[in-house]
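A.B. asks: So TrEMBL lists the following for this protein:
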type	residues	note
ACT_SITE	K13	active site
DOMAIN	68-146	domain 'GHMP kinase N-terminal'
BINDING	P96, A97, G98, A99, G100, L101, G102, G103, G104, S105, S106	ATP binding site
ACT_SITE	D138	active site
DOMAIN	204-260	domain 'GHMP kinase C-terminal'
Amino acid sequence: MTGTTLTIPAPAKLNLFLHITGRRADGYHTLQSVFQLLDYGDELTISPRNDGQLRLQCSEATLNDDNNLVLKAARALQKLTNADCGADITLHKRIPAGAGLGGGSSDAASTLVGLNKLWNLQLSRSELARIGLPLGADVPVFVMGQSAWAEGIGEQLTPVELPDKHYLVLTPACHITTAAIFSHQELTRDTSPIKMHAFLTGQSRNDCEPLVRQLFPPVDAALRWLSGYAPARMTGTGASVFAAFDDQSAAREALRALHESAEMARIGVRGFVAKGVNRSEVYDLMMTAKDT
Ligand SMILES: C[C@@](CO)(OP(=O)(O)O)[C@H](O)COP(=O)(O)OP(=O)(O)OC[C@H]1O[C@@H](n2ccc(N)nc2=O)[C@H](O)[C@@H]1O
Ligand SMILES: Nc1ncnc2c1ncn2[C@@H]1O[C@H](COP(=O)(O)OP(=O)(O)O)[C@@H](O)[C@H]1O
């Protein structure tokens, strides 16, 4: 078990749309969404230990604690192993935290996939998804490693082949908690379910967007600025917003304009360009581990 180190990416996601279709008895909202995985994300390096200890070093100081979803995922998996299964994990963050890009869930999913390999647990994708779901509603899609049509609370997944697009993603400096948006009185909660065809012909929205725009003016400003380049939408419960481009050069051009915008600098908007992918590297890692 010792001597093997695994480097594993943890991609970001976009919700190309997000419809809230109802509410379960436990308070969680049922959704419809399309998760688009990106070729941009965090990176984990995992080395197994034989003494049962779990240690995490995270590049982001505020996430360097016991509540990091990486440690929660490792502990959930540790319950299924021998007492001597431990690991040293480093987490290099690139995905802004709490920004609707699924970074925490993706880190948790990559931890589950990586430790499943290193601890030789031989759990299936669906078993790992089931273990990960209580840690975050987006963990299953990252464990599956495929862009997908999602229902339920995001755990009923159907892989989809999405057209090649380059995304410009903007993240205003606002702290938005998912729970606060879902518990807000003014949230739209009863959208009629749609079929895949309606999404493909552009009949979709993010039901959280009107409320978040109203509560967080920087999100509204970022959406208005980005709409000057291409149709713009919010991902998840925010704060990030995105627009799709056919050409990478057009997306990069808009990113350059962002860096020159005094208004966007004033409200602290960061941006990156990423390509949408139908499968992430995590998908392949379930088959063969990439050793370093
Ligand atoms: C809505 C999505 C779409 O991708 O948005 P983002 O959080 O990425 O913006 C996610 O499914 C979010 O997933 P995640 O951020 O993991 O949410 P969780 O930690 O599981 O939930 C935080 C809290 O939000 C509420 N919640 C969350 C998801 C959901 N479908 N219904 C809810 O009502 C619950 O009160 C829950 O306790
Ligand atoms: N490894 C992690 N990366 C990001 N956030 C984490 C991590 N572990 C725990 N968190 C917590 O989870 C919250 C949600 O983070 P994240 O998954 O990035 O956002 P979102 O749910 O908006 O997509 C953060 O505000 C942070 O407190």
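The chain as shown is numbered from 1 upward.
Cβ coordinates come from backbone N, Cα and C, glycine included.
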A.B. asks: What are the helix, strand and coil residue counts for the domain 'GHMP kinase C-terminal' (204-260) according to DSSP?
C.D. replies: 30 helix, 9 strand, 18 coil
A.B. asks: On the 0 to 100 scale, where does the mean pLDDT of the domain 'GHMP kinase C-terminal' (204-260) fall?
C.D. replies: 97
A.B. asks: If you run the three-state DSSP split on G102 (ATP binding site), which class comes out?
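C.D. replies: In the DSSP reduction, G102 (ATP binding site) maps to coil.
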A.B. asks: Cβ under 6 Å from ligand 2: which of the recorded positions K13, P96, G100, G104, S106 qualify?
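C.D. replies: Near the molecule: G100, G104.
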A.B. asks: Quick one: which of the recorded positions (G98, G100, G102, D138) have their CB closer than 6 Å to ligand 1?
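C.D. replies: Near ligand 1, sequence order: G100, G102, D138.
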A.B. asks: Relative to the Cβ of S106 (ATP binding site), which residues of the same chain, six or more apart in sequence, are found under 8 Å away?
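C.D. replies: Non-local contacts for S106 (ATP binding site): A10, P11, A12, K13, G41, D42, I95, D138, F142.
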A.B. asks: Cβ within 8 Å of the ATP site's Cβ centroid: which residues qualify beyond P96, A97, G98, A99, G100, L101, G102, G103, G104, S105, S106?
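C.D. replies: My list of surrounding residues reads A12, I95.
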A.B. asks: For G98 (ATP binding site), what is the tally of other C-beta atoms lying within 10 angstroms of its C-beta?
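C.D. replies: Neighbour count, Cβ to Cβ under the 10 Å cut-off: 18.
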A.B. asks: Inside 10 Å of the Cβ of G100 (ATP binding site), count up the other Cβ atoms and send me the figure.
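C.D. replies: Its Cβ shell of radius 10 Å holds 30 other Cβ atoms.
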A.B. asks: Going by DSSP, give the three-state secondary structure for K13 (active site).
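C.D. replies: DSSP assigns K13 (active site) to strand.
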A.B. asks: Could you tally the C-beta atoms, other than its own, that fall within 10 angstroms of the C-beta of G102 (ATP binding site)?
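C.D. replies: Around the Cβ of G102 (ATP binding site), 30 other Cβ atoms lie within 10 Å.
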